[in-house]
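S.K.: Mind looking over this structure? Questions follow.
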Amino acid sequence: MHTLGRLHLVTDTRPGRDVLGVVGHALAAGFGVVQVRPEDAVTDREAYELTVRVLALCRAAGATCLVNDRLHVALAAGADGAHVGADDLPVAAARRVLGPHAILGATARDPVTARRAVADGATYLGVGPAYATTTKTGLPDAIGPAGVGAVVSAVEVPVVAIGGVTPARAAELFAAGAHAVAVVGAMSGAPDPAAAAAGFAAVLAAAPPEPAR
Ligand SMILES: Cc1ncc(COP(=O)(O)OP(=O)(O)O)c(N)n1
Ligand SMILES: Cc1nc(C(=O)O)sc1CCOP(=O)(O)O
Ligand SMILES: [Mg+2]
């Protein structure tokens, strides 16, 4: 049984978004993980201050707080771990920076990359884009539930599906074996984030139990 939460909110620091408000709605609905993902234009000082505030909300809710890309921010703020991808520190280097116990996520879009990331020290994999997304540009084509399932079959660590995830699609991804889903736009762009969060929680409650691993 994997202990990582199964609903991940990834913060949206684009202008006009209510970052902390959305985090609050997600945590209240039972999201177990918040990943702080500052846009590139966000300074380290701002990223650190945001992480400290998100971490406090996570601690109060018993949730996990991760930081995307900026390992020094994760360490300085005392977050639970970090996430790296192809343009960030290599997984093995990130593991050396974070130490042996931190949660370390790595992006993997196929089974070969996934196995290598796990061998290098990743404790979970972010796999996508599951569906088309407008939140991040320059991504390859969507891999769909089947592509996510191919990675699930290749590794023992939890797979977190990301990219275009909505409540309806989350159900498909859980059925394909994803341990968790990670969400940006379906929460931060929702007219009613509390209702959106409740929708994700309802889908998780109805998901089939994971097979013992
Ligand atoms: C859960 C999860 N999966 C994938 C990503 C993407 O990380 P990366 O490929 O490094 O891209 P950026 O998010 O840094 O633009 C993620 N952040 N979280
Ligand atoms: C940050 C990110 N990484 C992806 C990947 O596939 O690696 S997809 C993505 C954006 C996800 O945003 P939304 O939930 O709004 O589609
Ligand atoms: Mg990255």
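Keep in mind that glycine also has a Cβ here, set from the backbone N, Cα and C atoms.
What TrEMBL shows for this protein is this:
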- Gln35, Val36, Arg37, Pro38, Glu39, Asn68, Thr107, Lys136: 4-amino-2-methyl-5-(diphosphooxymethyl)pyrimidine binding site (BINDING)
- Asp69, Asp88: Mg(2+) binding site (BINDING)
- 7-186: domain 'Thiamine phosphate synthase/TenI' (DOMAIN)
S.K.: Just how many other Cβ atoms lie inside 10 Å of the Cβ on Glu39 (4-amino-2-methyl-5-(diphosphooxymethyl)pyrimidine binding site)?
M.R.: 12
S.K.: Could you list, ordered by sequence, which of these binding-site residues: Gln35, Val36, Pro38, Glu39, Asp88, have a Cβ under 6 Å from ligand 3?
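M.R.: Result: Asp88.
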S.K.: At the level of the C-alpha atoms, what whole-angstrom distance separates Lys136 (4-amino-2-methyl-5-(diphosphooxymethyl)pyrimidine binding site) and Asp88 (Mg(2+) binding site)?
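M.R.: Cα-Cα, rounded: 16 Å.
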S.K.: Quick check for the class: what is the C-alpha distance, in angstrom and rounded, between Asp69 (Mg(2+) binding site) and Arg37 (4-amino-2-methyl-5-(diphosphooxymethyl)pyrimidine binding site)?
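M.R.: About 8 Å separates the two Cα atoms.
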S.K.: Rounded to an integer, what is the Cα-Cα distance in Å between Thr107 (4-amino-2-methyl-5-(diphosphooxymethyl)pyrimidine binding site) and Asp88 (Mg(2+) binding site)?
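M.R.: Cα to Cα, Thr107 (4-amino-2-methyl-5-(diphosphooxymethyl)pyrimidine binding site) and Asp88 (Mg(2+) binding site) are separated by 10 Å.
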S.K.: For Gln35 (4-amino-2-methyl-5-(diphosphooxymethyl)pyrimidine binding site), what residues in its own chain, 6 or more apart in sequence, show a Cβ-Cβ distance under 8 Å?
M.R.: His8, Leu9, Val10, Thr11, Cys65, Leu66, Val67, Asn68, His83, Gly105, Ala182
S.K.: Three states by DSSP: which one describes Thr107 (4-amino-2-methyl-5-(diphosphooxymethyl)pyrimidine binding site)?
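M.R.: Once the DSSP labels are grouped into three classes, Thr107 (4-amino-2-methyl-5-(diphosphooxymethyl)pyrimidine binding site) ends up as strand.
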S.K.: Which binding-site residues from the list Glu39, Asn68, Asp69, Thr107 come close to ligand 2, meaning a Cβ under 6 Å from one of its atoms?
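M.R.: Listed by sequence, the hits are Thr107.
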S.K.: Kindly assign Arg37 (4-amino-2-methyl-5-(diphosphooxymethyl)pyrimidine binding site) to one of the three DSSP-derived states: helix, strand or coil.
M.R.: coil
S.K.: Would you report the average pLDDT that the model assigns to the domain 'Thiamine phosphate synthase/TenI' (7-186)?
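M.R.: Reported value for the domain 'Thiamine phosphate synthase/TenI' (7-186) is a mean pLDDT of 97.
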S.K.: Near ligand 1, which of the binding-site residues show up if the criterion is a Cβ under 6 Å from one of its atoms? Options: Val36, Pro38, Asn68, Asp69, Asp88, Thr107.
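M.R.: Cβ under 6 Å from ligand 1: Asn68, Asp69, Asp88, Thr107.
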S.K.: Of the residues named as 4-amino-2-methyl-5-(diphosphooxymethyl)pyrimidine binders, Gln35, Val36, Arg37, Pro38, Glu39, Asn68, Thr107, Lys136, how far apart in Å are the Cα atoms of the most distant pair?
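M.R.: Pairwise Cα check on Gln35, Val36, Arg37, Pro38, Glu39, Asn68, Thr107, Lys136 gives a maximum of 17 Å.
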